[in-house]
Every structure is written in structure tokens, then in C-alpha cells.
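Asks: What follows is a structure written as C-alpha cells; I'll ask about it next.
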Amino acid sequence: MNNPRSVSPLVSPANHSDLLENQRQSGSGDFSRLEKRIGARKMKFHSKSMPRGAMFLDQEASRNFHDKRYDLFRTMSGKLERQISNLRGKPTESSLQDHKEITESLTADRYFDALQGPELETLKEKEKIVLPEDKTWPFLLRFPITSYGMCLGVSSQAIMWKTLATTEAEKFLHVTQVINHVLWWISLLLLLAVSITYLFKTILFFEAVRREFRHPIRVNFFFAPLISILFLALGIPHSIISHLPSTLWYFLMAPILFLEMKIYGQWMSGGQRRLSKVANPTNHLSIVGNFAGALLGASMGLKEGPIFFFAIGLAYYLVLFVTLYQRLPTNETLPKELHPVFFLFVAAPAVASMAWTKISASFDLGSRLAYFISLFLYFSLVCRINLFRGFKFSLAWWAYTFPMTAVASATIKYSDEVTGVATKILSVVMSGAATLTVIAVLGLTVMHAFVQRDLFPNDVVIAISAEQPKQKRWFKHLTKESYGNNERCPKILDPEDNQIDLESPPLVNVDSSTVQNSN
């Protein structure tokens, strides 16, 4: 005899109605009691769908974060997973293949094949990435090294306002040093925030940082944190410290020197990372570090060290300037969306002008030559209004701020040497334009970061595959049949009786009249 008490309260919705029907047909007296029990209780069925509320979204985000494809970029999880698999004796082929795709060193040619644009950060159509394309990646994977451009823009403003407050020619403006003080602390906090975030990325996702360093364009931004520290040292208010120790200069310039030896050596090596192939306006960041270091060293009273770095910067700036202006076939034309990087042309000569002024203790001929070059490049870019229209906001817009501020600071130095109404007006206009640009770009950055939340999209640069997309079998077969066998390839004679192998494209079209005459 069936006991209704033996029925489990956890009954699936597919069979609880059948249970009631069987009890009804059997005429059991306990049917009403069973029906009341089932109807009165708010029973929880195993197949019941859970509500899609905030808790569900948190669980979904957690599952996305724990995607195994993200683990391949983690610093320790990939090694630990492989060790566990080896201990179990079951290393899966897919995991080994995914690990190979991540850890295999990417060549410069692979970046050029998979990406496009002046900064090589746009994925080509037929390329695939090793991370999910339809999901938002963890924030650290989306935080690029190019974020240090914000630090360059704000810290350079601290230098400019310090120069305005301490220059005799600009005393009529009555600029207080409080502005320099506030901007310096903002720059320091911003640099700490960006550095701590990128440090966590280095610790947790070292493979992503390694891929950025091997990127032929992104590698130039590894100079940005060092240059930002140099700018903080140059813009530090006198109320905080009046004289910096010279040992700080050696401590800051040592990593810049080692990084330059690697980058400049690759430019001259003639390999995949030769300058004629990777030349880009962002390469000016590696040049600016020399002039900024020379400016700081000369401000500290040093002599030989600043001249050494100034000479290196001058030599490589001339080489880079000529290479970029040549527009070699290996360099693609810059599209409209990333035109802000053009303003990096202005940064190096502007900082070089101020550096040589400190080295020579006067705004002499060398300083004026560098300043006039930067001023001409500045106005030649500003006059091209089309550069400022038709592209969306991104971190690349910060390329406007630092060069414009550098030219404004050099103009203030020039107005102090060549006094006059025109130079004073020019310095005020340049300083105002630089300040308004920084305010506008900073406001847009805050809006896109916290309101629209699209400032940091998925960074496809770090997720490209180490292998090129495989071609279709029929295409390979056609290519092999057409050009694979040299002996079966027909040969014809050109008018000079030279044999032309049809294997090598382009194919030669034979004139019909020539064929008739030969017949």
C-alpha cells in the first residue's frame, strides 16, 4: 500500500500532476490530504528557473571572470593548472594548444598582419582573438599602458603654471603658485592611481603586459611613466622642496637609458623592428625622455650627464623626423581617427628648447632653433581643421595635451628672453589654449569613464593569436596546383628571347598579333 508520507516534497513539476491523477483514479482517501499538502506549500522544484535579478547578474559576471581563457593570461594560474594536469597524467590537447597560443612569442610581423591603424590596435576582419569577443573582459586586461598619457598631460600643466608664476615677463598676469601646487598634487595622485592599477595588471596578468611590451608601437609608452616622474620632479613647488638631490636624476635616467638601448638597437638592427618599418609618431616618446632628463639634470646643476642625453635625443630625433616624413611604403597613411598622435611631432623640439636653455644658461641660437621648429609644426597642425573632426573620443586624445603644454612652456621662456607685447600675447594665448585643451580632454575622459563607461574597451592588442588564420583547403589546393610544380609550368618568350616562368606572378599577357606572326 502506497504511503503518501513517503512522497518527497521536492517533486518536479513534470510528475507531481501525474501523482495527483493516480491518487484520484485509485480513489485513495488520502488524496485530498495530499492535494492540500502539494497545493498549500510553495514547493521548490529542481527544474524551476531562477529569477534573473541582481544576484543572477553577479553570478553571470563571476562566471565570465572565471573563464579559463582568462586564466591563460594570469601569472600563476596557467602554471598551476599545467602542474595539476601533469600530476593527473591527463594533459588535454586543447589546453596545451591554448597555452601555446598565449605563451608563444609574437613577432613584429604578426602584429602588422593581425592589426591595423597607426597604433596597431584595430583588429583586421579575418583575424581571431584568443579571448571572447562577445564579453567584457576583466578591467585589468582592458587597462592599457597608453593610460599614462593622462599623467603626461596633467603633470606638464604643473610645469607650465610653475613657469608662469616664476617668469619675470609674465608678472603682469599675477599668477599665484597655488595653481602649480594644486596641479602637482593632482598629477601625483593620478600617477599613483595609474601606476598601482598597472602594477596589479603586471602581477596578475603578466602575459598581457609582455604582449604590450612586444607590440612595436605600445613599447614606446613604457617611457611614459618615467617621463611623468621627470615632469613631477620639474614641476614640484618650491614650498615642498627647493632643491632635489642629484642622485634622484641618476636613479631616474638609468631605466630610461637601458630601455633606449633596447629600442634604438632594434631600430638599427635591420630586423622586423627596424625604424623604417615601425616608424610612428609615438616613437617621439622615446626621444622626449632624453630632453626631459637633460632639462632636469641641468636644473640640478649637472653638466656632462644632461649633455650626454641631449646629444642622444638630438641624433635620434633627426633620424626619426626624416623617416616619418619620407612616408616609406612600409608605413601606412594615418587614418582620421588617430590624428591626435600627429601632435607628438611638436613635443620633442619644444622640450629640447627648454633643455638647451638650462644647459647653456641662456635662450641662445640653439634654443631658438628648436623652439621655432616646434612652433612651426604646432601652427601647421592647428591650421588643418580637418584633423579635429570626424573621429570619436579615446585615450589617443591625450596626445593633444602634453605637446601643446610643452610648446606653451617654451613660449613663456622665449617671451622672457625676447620681451615685447607680441611675445607676451603669444605666451598667454598658447598657455590658455593648452589649459583649455587639458580641461576639455579631462572632462571627456571622466564622462566616458564613469558615465558612458566605454573608455576602456576590450584591448584586442593583447589577445591576437600567435598563428595566422588557416586558409581554406580548396584555396591551398588551387595554389599548389597552379604554382607548386615548376617543371609543369609553361614558359613563353618575351620580345628579347628571355624565358618567363608563369609560376611567378604577375602573369604575362601575350598579344594575339604576336602569336599570329609566329604561326
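For all residues, glycine too, the Cβ spot is worked out from N, Cα and C.
Positions annotated as compositional bias 'Polar residues' by Swiss-Prot: 20-29, 510-519. Positions annotated as phosphoserine by Swiss-Prot, on the basis of similarity to another entry: Ser77, Ser85. According to Swiss-Prot, the feature region 'Disordered' maps to 1-31, 495-519. Marked as topological domain 'Cytoplasmic' by Swiss-Prot: 1-140, 207-220, 269-281, 326-340, 384-389, 446-519. The topological domain 'Extracellular' annotation in Swiss-Prot covers 162-185, 242-247, 411-424, and the record cites a curator's inference as its basis. The transmembrane segment feature in Swiss-Prot is assigned to 141-161, 186-206, 221-241, 248-268, 282-302, 305-325, 341-361, 363-383, 390-410, 425-445; the stated evidence is sequence analysis.
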Asks: Mark yes when the transmembrane segment (186-206) and the transmembrane segment (390-410) have three or more Cβ pairs under 8 Å (sequence separation 6 or more) and no when they do not.
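Replies: No, the transmembrane segment (390-410) and the transmembrane segment (186-206) are not in contact.
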Asks: Out of 141-161, 305-325, 363-383, what stretch is closest in contact terms to the transmembrane segment (248-268), meaning most Cβ pairs under 8 angstroms?
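Replies: Comparing 141-161, 305-325, 363-383 against the transmembrane segment (248-268), the winner is 305-325.
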Asks: Please spell out the DSSP helix, strand and coil residue counts for the topological domain 'Extracellular' (411-424).
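Replies: Summed by class, the stretch gives 11 helix, 0 strand, 3 coil.
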Asks: Go through 186-206, 282-302, 305-325, 341-361, 425-445 and flag the stretch with the largest number of C-beta pairs under 8 Å relative to the transmembrane segment (221-241).
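Replies: Comparing 186-206, 282-302, 305-325, 341-361, 425-445 against the transmembrane segment (221-241), the winner is 282-302.
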Asks: Between the transmembrane segment (186-206) and the transmembrane segment (341-361), are there three or more CB pairs that fall under 8 A, provided the residues in each pair are separated by 6 or more in sequence?
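Replies: Result for the transmembrane segment (341-361) with the transmembrane segment (186-206) is no.
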Asks: Along the topological domain 'Extracellular' (411-424), what average pLDDT does this model show?
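Replies: Residues in the topological domain 'Extracellular' (411-424) carry a mean pLDDT of 94 in this prediction.
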Asks: Quick test of the contact rule: Cβ under 8 Å, at least six residues beyond the ends. What residues does that give for the topological domain 'Extracellular' (242-247)?
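Replies: For the topological domain 'Extracellular' (242-247), the far contacts come to 233, 236, 297, 300-302.
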